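The domain 'Reverse transcriptase zinc-binding' annotation in TrEMBL covers 18-89. Look at TrEMBL and you will find 1-20 tagged as region 'Disordered'.
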Ligand SMILES: [Zn+2]
């Protein structure tokens, strides 16, 4: 849409792109191992090779989490809800997750 010669964007579109651009700039400027940076980027783009993703791409494999066998292995399960990953997050010094039982 044109507005007096200035091209305007729908409300919220540019601020979302600006904040995403800012997020990626911060991520790429972090002083962390490139491997970790790549892992974070792939996680945020849901491109980690979880069992769920591999089945979606046509591989004939079992989707169940190999660590706990309690759920299909998708990104959220691997990083958050799997009992093994939950234990990791609860023991980090950053206190990223809480159990509600403090
Ligand atoms: Zn699991």
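Quick reminder: no glycine exception, Cβ is built from N, Cα and C everywhere.
Explain the structural surroundings of these features, please.
Mean pLDDT, taken over the domain 'Reverse transcriptase zinc-binding' (18-89), works out to 89 on the 0 to 100 scale.
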Kindly report the helix/strand/coil residue split of the domain 'Reverse transcriptase zinc-binding' (18-89) according to DSSP, in that order.
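For the domain 'Reverse transcriptase zinc-binding' (18-89), the helix, strand and coil counts are 43 helix, 2 strand, 27 coil.
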